[in-house]
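J.: First the structure, which I've put down as structure tokens, then a few questions once you've had a look.
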Amino acid sequence: MPSSRRPVNRVLFSLSLLALALLWGLDTGTVVPNRIMPGTGHGPVDGIGIGLALAISLGLAGVALLALLPSAPRDAFITVLLTALLVSVPFLLDHFITRKMADAGPYARAGIGAGLWCLLFLLVLMLGESLKYARWRRLWQPLILVITLGAWGLAVSQGRLDALALVREFQARPGPFMEALSAHLLLAIGSVLVSLLIGFLLAVSGLHRPRWRSLVLNTVSFLQTIPSLALFGLLIAPLSLLVDAVPALKAFGISGIGWAPAFLALVAYSLLPMVRNTHVALTGVASDVLDAAQAMGMNGWQRFVQVRLPLAMPVVLEGIRITTIQAIGLTAVAALVGAGGFGTFIFQGLGQAAMDLVMLGALPTIALALIADTVFGGLTRWLAPPGQEPTR
Amino acid sequence: MIELQDLSCQFGESRAVDRINLTINTGELCVLVGRSGCGKSTTLRLINRLIPRSSGQIRIDDQDVEQFDARQLRLGMGYAIQGTGLFPHWTVARNIAMVPRLLGWSRQRIDTRIRELLELFDLDPATAARYPHQLSGGQAQRVGVARSLAADPPILLMDEPFGALDAITREALQNEMLRIQSTLRKTVVFVTHDIDEALKLGDRIAVMDQGQILQHDTPSTLLREPASEFVDRLFGTGDRGLKLASLYPVSTVMTPTKDAVSTSMTTIPHDESVRQALSLMVWHDTHALTVMDDRREPIGVVRWDQLAGGDRNA
Ligand SMILES: Nc1ncnc2c1ncn2[C@@H]1O[C@H](COP(=O)(O)OP(=O)(O)OP(=O)(O)O)[C@@H](O)[C@H]1O
Ligand SMILES: [Mg+2]
């Protein structure tokens, strides 16, 4: 809880100094003559001009100074400043492109430099840290997400970043990009929903059966320990055999490779966080409350629906949030068994040593995870039983 | 009337309740008192069948409780516990409405009942819309007891309902309990480990130890004629006389007078305890007090050599 006097935030202070050092020490942008040749890097003064470079540095220095202030309103200032810095990144790139790409060849493309990547990464990290203390975290987070994605969307849609390698990779395959997006979403959301159903039933069935419960928890923990790549691969053989034995399954698009093994593996991985959180949530409800409910004449079903479930809801939702973020990340690996999704670009890019293509797969995956986090954060707050302080 | 006959409850090897016999008359407040772990809560939970009995009988108005549907049985008994057991996700109103809703009362009837109960327990009507975490400990405990009375059950089971409160709030709630009980006359089983609370509230007190009932008697009998060394020690040391004196109002020992009494004397309300009279005499260094009635008119005089024997006059 925010109080009027705050200790110095060392994390924010050091991170902003680090960002400052990396901004000046590393390349801001690169110019690449064609897709696979190495490019030439440009530092901040050369790339975006001394004025902009100083403005960004001033912003970072401001964050560092604010982090030292012992007063409460500083968190709001820091959050606003960090958001402004984050939003400025696509416009820095725009500036870089106008300065450096005008007289480059027709196949030339601009790359985001290591310094700018680090800046992006550190800004997101610092925002996470500053939001931890913000009073209106659940309001800030979606706002910042919308503003940031909006700034990038605006810059791209106006064609200002067309010279950027990342955008070139996207423009070369707009159809596959949308396919990857829908495959990724379908796989992640579908597997989370199925694991929610199974996980909930497993958790509820273990509520009053300790031996069955430990069997369930041990099994899902064991599933989690199998490396994801191995699990995707392991499912290929039995599924192929199954489809050979029951050819009718082919009609549903089930085969040894493709979405079927990926889906099964994702469900298996999602079970642990789902079962464990649901179990913790349901058993974490104060026993004297349940006891009173029984003593006053509620039957088992009434106790579960009217008392246990609503009180457990925030932790159940937290479990769904964690599972969803995990599933979005794991779905990227599922491309290896031909399931589609953003992983396709990542592995293609790795094969062709085209890092920008890798980024075209990785960045949307990260964005999806952030969106999921934000949506569930809001949902938790909205569905939280009243009369209790929110947990986060 | 609640009758327990040779009632036992076994948890594995140990007997939490060991062949107890106890009769609680209709309209009587019976206190179960004893040290921690002696089986008070277990006895209470056997009565509403939260715990199955191992042997013996429990009869309510001459019917074995096993003949009732467990839920119907519980709906007919109020239940209040230490730490309130209020549902944190429901407002005070919704908490109080719980049993009436389960019984299918109309909305209007429930609303009227909630207002009545808030008034009975001296709670601001605005409390109805609050959540339990927005209440003070005393308010929450009042709501807990109000909730147990919601459907006007003839029987109340209370397990250390005032256990977690500070001394002053606790006393206020005890007085409230006495006031409400004097009009409602419920059959109450009240568990506590506080001897003073037991003496203050109980019509009769059952002293328990190791799952057995050692003595079941009125407060003054327990103080005057303890049946065993254990009861003797439990009820007191040097201040046993004071405990006894706190059981009776000064009106039981005073000399009534119709004549005018010297108003220069220190006064005491007629319903204050003999213990309070003694305290006033010591404090004001006097041998006599004027007893006043509710309208603050003098109705008698009490002298220090009259203070003993109040229980025999009663
Ligand atoms: N569900 C249970 N399973 C096993 N043993 C139990 C159970 N409930 C109570 N006991 C045991 O029965 C004995 C009596 O417990 P009980 O709760 O009735 O005590 P109590 O008199 O209410 O004590 P306190 O004043 O501490 O509440 C204790 O030894 C306790 O450990
Ligand atoms: Mg107890």
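Backbone N, Cα and C define each Cβ position, glycine as well.
TrEMBL entries are annotated by machine, without manual review.
What TrEMBL lists as transmembrane segment is A:49-69, A:76-97, A:109-127, A:139-161, A:181-203, A:215-239, A:251-272, A:327-350, A:362-384. The domain 'ABC transmembrane type-1' annotation in TrEMBL covers A:181-376.
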J.: In terms of Cβ proximity under 8 Å, which residues at least six beyond the ends of the transmembrane segment (A:362-384) contact it?
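T.: Counting only partners 6 or more residues beyond its ends, the transmembrane segment (A:362-384) has Cβ contacts under 8 Å with 137-138, 141-142, 145, 149, 166, 180-181, 184-185, 188, 313-314, 317-318, 320-321, 324-325, 328-329, 331-332, 342-343, 346, 390, 392.
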J.: What same-chain residues lie close to the transmembrane segment (A:76-97): Cβ under 8 Å, and 6 or more beyond its ends?
T.: 12, 28-29, 42, 47-49, 52, 56, 59-60, 62-63, 66-67, 110, 112, 116, 119-120, 123-124, 126-127, 130-131, 134, 140, 144, 147-148, 151-152, 154-156, 160-161, 163-164
J.: Who are the long-range neighbours of the transmembrane segment (A:215-239) in its own chain, taking Cβ under 8 Å and residues 6 or more past its ends?
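T.: For the transmembrane segment (A:215-239), the far contacts come to 202-203, 205-206, 254-257, 260-262, 264-265, 268-269, 271-272, 275-276, 279, 330, 333-334, 336-337.
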J.: Near the transmembrane segment (A:109-127), which residues from the same chain, at least 6 beyond its ends, have a CB less than 8 A from one of its CBs?
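T.: For the transmembrane segment (A:109-127), the nonlocal Cβ contacts are 12, 15-16, 18-19, 22-32, 34-35, 39, 41-44, 47, 56, 63, 78-79, 82-83, 85-86, 89, 92-93, 96-97, 100-101, 144, 163-166, 168, 356.
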J.: Would you kindly list the residues that approach the transmembrane segment (A:49-69) from elsewhere in its chain, counting only those six or more residues past its ends and only Cβ-Cβ distances under 8 Å?
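T.: For the transmembrane segment (A:49-69), the list is 8-10, 12-13, 16-17, 19-20, 23-24, 28, 77-78, 81-82, 84-85, 88, 92, 95, 99, 119, 126.
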J.: Using a Cβ cut-off of under 8 Å, list the residues of the same chain at least 6 residues beyond the transmembrane segment (A:251-272) that approach it.
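T.: Contacts with the transmembrane segment (A:251-272): 183, 187-188, 190-192, 194-195, 198-199, 202, 220-221, 223-224, 228, 231-232, 235-237, 239-240, 242-243, 323, 326-327, 330-331, 334, 337-340.
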